[in-house]
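Structure, as structure tokens:
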Amino acid sequence: MELVQHTANRTAARVSTPGTFTRTSLDYHPHLHLGSFEIGRALGRGKFGRVYLARHRDSSFICALKVLTKAQIASEGDENLVRREIEIHSKLSHPGILKFYTWFYDATRVFLVLEYAPGGELFRKLQKKGKFGEHEAAVYVAQVADALAYMHKKNIMHRDIKPENILLGFHGEIKLADFGYSVHSASNLRSSLCGTIDYIPPEIARQLRKVRPGKEEFYNRNVDLWSLGVLAYELMTGKPPFEMPTREQTEKKILTGKVQRTGVEMSKEAKSFIRALLVLNPDERLPLDQVLEHPWIVMHCGRIRSSRGIFGY
Ligand SMILES: Nc1ncnc2c1ncn2[C@@H]1O[C@H](COP(=O)(O)OP(=O)(O)OP(=O)(O)O)[C@@H](O)[C@H]1O
């Protein structure tokens, strides 16, 4: 399978804490091992290893097996990232979120048993099509908003919303994935740096640029609202709104909050939707419940009262 090429300036800034990888009792499955699965084609490659299509031999259940190499995790000092991905992902159950079934490990690898998303990455589909029409974009954005509303209710923020982290199910429905940067927002405030440069909100860009050295800048779950606005813009235009030739210029542009003009025609509802989310002050961004009530969403998806409504379950 051809591997996904991320655009050059889509580099992630990461902060990680060293530690050792140990199992958590949660969702650990003591009876599974690699031999329990028939391994099929490679679905893709991530930072720590490959993902394969797999079939559980006893039940014939089809799934995706994400194989992480412990040595690779350790060499990057990313044990906490992986531990967090498992802890958070295993707590989530929503039709718009890729299911995390279980995990196990051997001497050299950690295996995550995940729902198989046959539609692949939304990023690939966007690359192929160039951009989506407003209706298709609104349907995707509404589904992501619905999944985020579920996560935020559980006090978890995703922090890494972007088309690369949105997979597609059998019917083309979204399956939010990649919870390495997600975090419980019990205090509602976290100050670690994360995310991909095009999608980072100004409150994080400011930290990256150390505009206020010595002063710790906090952020909360409203980071996901900004990223949702970036997603809506990119799906409709094919380009993220603050994309610039260099990372530094992109960060500066994000801090202005002024989106690029494109030749792409957009309805006034779509513009108003993006404007309501790409707001510099995190507290003034359109809250998720109002996102689903926004005229742009309502005109394309109808009124969505619950996750049942949008996913038709
Ligand atoms: N459940 C799945 N169903 C179908 N394809 C998948 C699934 N999980 C991953 N993939 C494919 O495999 C690729 C690698 O996934 P993986 O989650 O390991 O890494 P990533 O998200 O691209 O990067 P990173 O390692 O930085 O998190 C994805 O880009 C996707 O194309």
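Glycine residues also receive a Cβ, built from the backbone N, Cα and C atoms like all the rest.
Feature annotations, courtesy of TrEMBL:
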DOMAIN    37-297  domain 'Protein kinase'
BINDING   LYS47, LYS66, GLU115, TYR116, ALA117, GLU164, ASN165, ASP178  ATP binding site
ACT_SITE  ASP160  active site, proton acceptor
CROSSLNK  LYS162  SUMO2 cross-link
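Mapped onto this structure are the features recorded in TrEMBL.
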residue : record                       : Cβ within 10 Å
LYS47   : ATP binding site             : 14
LYS66   : ATP binding site             : 23
GLU115  : ATP binding site             : 16
TYR116  : ATP binding site             : 22
ALA117  : ATP binding site             : 22
ASP160  : active site, proton acceptor : 23
LYS162  : SUMO2 cross-link             : 23
GLU164  : ATP binding site             : 20
ASN165  : ATP binding site             : 23
ASP178  : ATP binding site             : 18
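Looking at the residues that bind ATP per the record, LYS47, LYS66, GLU115, TYR116, ALA117, GLU164, ASN165, ASP178, the two CA atoms farthest apart are separated by 19 Å. Look at ASN165 (ATP binding site): DSSP puts it in a helix. Close to ligand 1, meaning a Cβ under 6 Å from one of its atoms, are these of the recorded positions TYR116, ALA117, ASP160, ASP178: TYR116, ALA117, ASP178. Under DSSP, ASP178 (ATP binding site) is assigned to coil, being neither helix nor strand in the three-state scheme. Taking CA atoms as the reference points, ASP178 (ATP binding site) and ASP160 (active site, proton acceptor) are 8 Å apart.
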